[in-house]
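Shown next, in structure tokens, is the structure this report addresses.
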Protein chains: 2
Amino acid sequence: MTRARLQDICEEELLSRLFPLFRGAAGPAEVLLGPGDDAAVLAAPSAAVVLTTDSMVRGRDWHDDWSSPTEVGRKVVAQNIADIAAMGAVPTGLLVAIAADPATEVEWALSLAEGIAQAAREAGAPVLGGDLSSAAEGSIVVGITAVGDLQGRRAVRRDGALVGDLVAVRGSLGRSGGGLQLLLAGRGRTHLDPPLGDADDPLARAIEVLCRVHRSTEDVPWRAGPEAADAGATAMIDLSDGLVRDLGRVAGASGVRIELDGEALAAFATGPLTLALGAEEAMRQVLSGGEEHSLAATFPRAAVPDGWEVIGVCADGSGEVLVDGEVPPVTGWDHFSG
Amino acid sequence: MTRARLQDICEEELLSRLFPLFRGAAGPAEVLLGPGDDAAVLAAPSAAVVLTTDSMVRGRDWHDDWSSPTEVGRKVVAQNIADIAAMGAVPTGLLVAIAADPATEVEWALSLAEGIAQAAREAGAPVLGGDLSSAAEGSIVVGITAVGDLQGRRAVRRDGALVGDLVAVRGSLGRSGGGLQLLLAGRGRTHLDPPLGDADDPLARAIEVLCRVHRSTEDVPWRAGPEAADAGATAMIDLSDGLVRDLGRVAGASGVRIELDGEALAAFATGPLTLALGAEEAMRQVLSGGEEHSLAATFPRAAVPDGWEVIGVCADGSGEVLVDGEVPPVTGWDHFSG
């Protein structure tokens, strides 16, 4: 049986199959005009919008033999939602731009859209519109633009951390990076592997957890962003390029030194990470693993909300990030030089 | 001399060279937080935003031996601005997502950004943020999301045309399609050709005009969109896929038949189009040439504003577009089946 490819159906047929997938999402801002016209119209309840864009590229940001199209769709939305949350805003809408090889299977594209739609519904961010383009052989680029609303809050920037503020994390650390490490080493679990049964051992379960996080970015704590803003967060960032690198951006923009507590960080390395990778590699992933999309923020000492784990403190300085007083031996991820 | 490529410099150096290009654009909505944080914050003066996204793909939407990177940057912005204008809104901001082969020359990327920045300044739509990704060998995808504000107007949709309304166009028809035709036939002028001198003949000038429009979409009449809305336009659309195909969308959504006047359309085919392509092909491009990004709208009979050319009328029907009472022999452009 040959499977239909994008080049086999006309654009309007494809759109007529995509649009229904995106129905039913509703969020805090009214969609005044949805997909299908030249542009969409979205209410901006607080007379300002928060805007971000983030793309995923086949072969660079995902591999077809590791990740299902639904997982890719969930992940690219999660990355964008995390950026909105890190400003203290709630997501209100999404735009989707897909550039794909015309030989891409229609089913693959529909499953990608289903993943985008699932994550959009969960985040209360309806898909407002999009763009379809044909791309070179083998190439697929999925770009999302997310819109958010501050609901009257001021935006929490990277440059507001003050000396004496505590540094805290909401969500996990190192799991996505750990999953990537396992997949690169050929020890990972992919979307093609059969589901685990009751008899599978804790190691298999640990590997499954880490790889699933890498493949689809489960559990972005996006509601915690606005909560942190309400609690008085002085700075906040989405952890996309690794804890130390991202906190370095907060420290640099704010003009402080961030002193992290190795023991507090070690708590993030326990469980699946250490079981699957050993203690040393687990700790390396906690410090430098990318694409976790947890939130890190700084708070006045008495203001850290429930659910946030304190991992350090802001001191006098100019952009350094230290762990137990020393420069950690980690860098991070660069898109072009790798 | 070897020229630096994206893979030779780190992402932060690239960003530090891109950001200054985008400074200095100002528009009708205040930028509350510009590029450099997790997300940008843009004022939405009328408590709603108009949103659209449109991408260009190397080798599909442009050819490096035809178009300079500055022209590509100008064109991708123009396409998005036209969509905003077609709703009756003014542009207020842009997001830029670039996925590029790491072997792309840094100078090429900076010239692309310069084109985006030029068009952003001209439209009063500051670049608010963006995303850089590495892509497969040879691949470059440039995605723009444009934001607009209705300034208290209601959005002009595609589905509001009424029987008896006049159909009018603001801007040119067929020039971009004509330029593409010339370039495909090897008769075009590219960004690599030397500038024309005083001695060059009218044919060379005609070819230059058409090809330049195809390469960079000059003169999108975006201010005419809000003016049309103020004048009472009942429906409006950006002409991206060809006049007949796009008006078919208005006719279909509105439940009318659009009757076009061949003589009025022929006026658009005179001048450079007929000189370069002959009368028959010129008329074909007027009816079906894509990527013109002029505006078409329907108006009550007394409401057509200055600068708009009446080309037809809305009659009882269900989605047909006729020219002098006959179905014109044109289709249009499909992204995947070509």
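Cβ from N, Cα, C; glycine included.
It should be emphasised that the depicted structure is a prediction, and the values quoted were computed from it without experimental measurement.
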Per TrEMBL, A:Asp38, A:Thr52 bind Mg(2+) 4; matching candidate in A:Asp83, A:Asp101, A:Asp131, A:Asp149: A:Asp83
Alpha-carbon distance [A:Asp241 (Mg(2+) 5 binding site); A:Asp61 (substrate binding site)] in Å: 13
Neighbourhood of A:Asp131 (Mg(2+) 1 binding site), C-beta criterion under 8 angstroms, separation at least six: A:Leu95, A:Val96, A:Ala97, A:Ile98
CB within-chain contacts under 8 A for A:Ser240 (ATP binding site), separation at least 6: A:Gln79, A:Ala82, A:Asp246, A:Gly290, A:Glu291, A:Glu292, A:His293
Nearest of the binding-site residues (A:Gly130, A:Arg158, A:Asp238, A:Asp241) to A:Thr52 (Mg(2+) 4 binding site) - Cα to Cα: A:Asp238
Among A:Asp83, A:Glu291, which are binding-site residues, the residue with the most C-beta atoms within 10 angstroms of its C-beta: A:Asp83
Cα-to-Cα gap, A:Thr53 (Mg(2+) 1 binding site) vs A:Asp83 (Mg(2+) 4 binding site), nearest whole Å: 9
